[in-house]
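Novice: This is the structure, below, for whatever I ask next.
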Amino acid sequence: MVFGEFFHRPGQDEELVNLNVGGFKQSVDQSTLLRFPHTRLGKLLTCHSEEAILELCDDYSVADKEYYFDRNPFLFRYVLNFYYTGKLHVMEELCVFSFCQEIEYWGINELFIDSCCSSRYQERKEESHDKDWDQKSNDVSTDSSFEESSLFEKELEKFDELRFGQLRKKIWIRMENPAYCLSAKLIAISSLSVVLASIVAMCVHSMSEFQNEDGEVDDPVLEGVEIACIAWFTGELAIRLVAAPSQKKFWKNPLNIIDFVSIIPFYATLAVDTKEEESEDIENMGKVVQILRLMRIFRILKLARHSVGLRSLGATLRHSYHEVGLLLLFLSVGISIFSVLIYSVEKDEHKSSLTSIPICWWWATISMTTVGYGDTHPVTLAGKIIASTCIICGILVVALPITIIFNKFSKYYQKQKDMEVDQCSEDPPEKCHELPYFNIRDVYAQQVHAFITSLSSIGIVVSDPDSTDASSVEDNEDAYNTASLENCTGK
């Protein structure tokens, strides 16, 4: 008998409802079920046709007036106890998810769980949710790693059908997998060094010490570094493109698109500078050149090819669009509310710079994100109170989705690290040798042939097998052992 269960004995004049739940039969008063008319059994009593009854139960016997449900009879005892007592009780040995699904089927809300069981029930449910999420994340990580390994092997198989397949295969592996060998590591280090040098050169370009009066770079060293970096990026992209097993899949890789975008500004700027235009278009062409030069900042994204953290960040943002959208929604609502409030109390102050709602939007944005530039600030007491509330709300609003995003980032980062460890621990594809093949019959024939040859060499000839005595058998065994030892020594 489950906790709190007791069987109600109806009087003779009371009409009963016959229930059959997975073989467990029970007769219940109609008045007991009608206490909760929004549950499945309560709705069952209000049905006026057999079709409506069969929508709520699995079968119905007109002769016996029995309703059949293909459900767990053990869990139904807890449901039946709820109709008698008005409270749900959850035993420790029950699965919380199974119990939750069962009461959801019967139309019973979790709010009916008694106070003695509700706290523990919610704790177990949250623990199960966390474990289930971790398990799914691990399964996804394992499946993704397996799929990526399978795709890598399939890509290697394609080289056998291509022209210069073996050469392209060696180049492609060294360009894509820095952990493959020493030369692959040197290529990765060189590429990373060139990216960093290009970023440093781009920053130095903006310094006035290296520019002439027209704002152009007037330093041959910086120009040489820029040309050398672009030559490296172009050559690297061309080699990857030529060695790739599939040109279509090559351009679907975001990292390859970043490589292509990083070199476009240089060649576009070069084409614009060499093109002769009329005086009217010089100003417009200059603006285009400036924009193209600013696009060189995309080179910094090339670091994602060599950085586990950047790749994990990209995967996290790609799979956390819901949380990021929720964060932007919270901030937008808060900015709209506090900008109007601060404008209403600061607009009449002459010393205040918060004289329009767009300016108040800017102030609310930097306040809710806890940046606080200090260029605009309230001067009235009411404005300072609103500002304090805005900052506190900003901390709370930003902190809510950030935790979820951080957990996902940790998962993807660990996944990327595990994949790198797997790549380093596995033998390179070219170094994997097949297991040696042995034919037992051939090996046995060779051993017998060597044994007969050794017998002939020491003068032992067996003419008649029936005349063989014990001493000859012992001699044969000694000879066999000697021959086997010589054969093993020779090998």
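Placement of Cβ uses the backbone N, Cα and C atoms for every residue, glycine included.
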Novice: Hey, in Swiss-Prot are S246 and A382 both on the same membrane side?
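Specialist: A382 and S246, as annotated in Swiss-Prot, occupy opposite sides of the membrane (different topological domains).
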Novice: Checking feature assignment: transmembrane segment per Swiss-Prot, candidates 55-75, 286-306, 433-453. Which range matches?
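Specialist: From Swiss-Prot, the annotated transmembrane segment range turns out to be 286-306.
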Novice: Using DSSP, tally how many residues of the topological domain 'Extracellular' (378-384) sit in helix, strand and coil.
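Specialist: Taking each residue of the topological domain 'Extracellular' (378-384) in turn, the totals are 4 helix, 0 strand, 3 coil.
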Novice: Considering every residue in the topological domain 'Extracellular' (344-357), what is the mean pLDDT value?
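Specialist: Computed over the topological domain 'Extracellular' (344-357), the mean pLDDT is 87 on the 0 to 100 scale.
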Novice: Can you work out which residues elsewhere in the same chain, 6+ from the ends of the transmembrane segment (221-243), have a Cβ less than 8 Å from its Cβ atoms?
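Specialist: For the transmembrane segment (221-243), the list is 168, 171-172, 175, 190-191, 194, 197-198, 201, 204-205, 210, 250, 256, 259-260, 262-263, 266, 299, 302.
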